[in-house]
Amino acid sequence: MYVMKTTGDRQRLRAQLAECRARGQRIAFVPTMGNLHDGHLQLVRRGLELADIVVVSIFVNPLQFGAGEDLDAYPRTLAADKEKLFAEGVKFLYTPDATDIYPEGLERHTQVLVPDLSETLCGSSRPGHFNGVATIVAKLFNIVQPDVAIFGEKDFQQLSIVRKMVADLCLPLDVIGVPTVRDRDGLALSSRNGYLSPTERRIAPLLHETLGSCRDAIACGFDNFLQLESHARMRLLQAGFEPDYFAIRDARTLRQVTEDTEEIAILAAARLGSTRLIDNLRLSLNPASDWGMLATP
Ligand SMILES: Nc1ncnc2c1ncn2[C@@H]1O[C@H](COP(=O)(O)OP(=O)(O)OP(=O)(O)O)[C@@H](O)[C@H]1O
Ligand SMILES: CC(C)(CO)[C@@H](O)C(=O)[O-]
Ligand code: BAL
């Protein structure tokens, strides 16, 4: 019978993965913070298409949480997560704790900093967040040494930062993005959706709807982006959100759109009660026309 090997011991994990590598098996890696939903499982399924074995990590990384954020409240559901991963055919689950990863504490640990991309959007609302993400992702990459790592496009800025870090540091792996998995009403699946009250849950899909209206307007040729952004923020405010940002950006640089932009990303983060939701949509610009219509989910 197949067993999913679960360990928090990195030496042990490395030894087991070395055996797989020696057998010529290709390794895909899916880093997570647990409380798994179908979005995470979609990353696992993509990993199984691209490699022989999938390694998942579950670690709620304290270094990427700011003071007063939800580190303590973050849902930890290891038993249910293990069942879901086993059912998908995951072979290895890595579950370190904070002392395994940061034995001398957070302050004394080396950090990885991806400039520019880390400072905008969620980086402005959550200072230091992406240094924490880049540091843990780099460390997990070194522990697992995967051939391919899979990330969700829901966290589009995070995916861009990981790609940049991998390119800049010449890390020997491919980074693959998976389209956002949504509920039937459009709300992007997220562990934090569990914080929403029933009333907030009814309002929450408006974030995706507002991104969609903005994308439709751009696809129809409306190019006053400042007006679109401010209209979207107003719509969210009126519905009870507190927007951190609603921004139309170049999908490659996450800076303002220019005439060289090939793909637009529309990104938003907004609080609904105590829950911070993020989402984004993209639009490829078809060079044959002024504004193309190639939308992503
Ligand atoms: N709805 C989704 N569709 C596709 N990928 C997703 C989705 N939600 C999360 N992911 C991806 O899963 C990986 C792990 O994310 P994480 O464990 O933080 O889950 P989360 O649901 O995004 O939680 P959070 O509420 O903290 O944002 C990331 O690469 C993230 O982009
Ligand atoms: C990539 C990650 C697992 C690093 O802690 C986290 O930021 C997440 O779950 O998106
Ligand atoms: N998926 C994003 C992780 C975080 O918000 O810390």
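Cβ coordinates are placed from backbone N, Cα and C, and glycine is handled just like the others.
TrEMBL annotations: computationally assigned, not manually curated.
Database features (TrEMBL):
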| type | residues | note |
| --- | --- | --- |
| ACT_SITE | H40 | active site, proton donor |
| BINDING | 33-40, 152-155, V181, 189-192 | ATP binding site |
| BINDING | Q64, Q158 | (R)-pantoate binding site |
| BINDING | Q64 | beta-alanine binding site |
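The two recorded residues H40 (active site, proton donor) and V181 (ATP binding site) have their Cα atoms spaced 9 Å from each other. Distance noted between the C-alpha atoms of L36 (ATP binding site) and Q64 ((R)-pantoate binding site) is 19 Å. In this structure, M33 are the recorded positions from M33, H40, V181 whose C-beta falls under 6 Å of some atom of ligand 2. Proximity to ligand 3 at the level of Cβ atoms, with a cut-off under 6 angstroms, picks out Q64 from the recorded positions G39, H40, Q64, V181. A distance of 16 Å separates the Cα atom of V181 (ATP binding site) from that of Q158 ((R)-pantoate binding site). Cα of M33 (ATP binding site) to Cα of Q64 ((R)-pantoate binding site): a distance of 11 Å. Residues within less than 8 Å, Cβ to Cβ, of Q64 ((R)-pantoate binding site) and separated from it by at least 6 positions along the same chain comprise G128, H129, F130, N131, G132, V133, I136.
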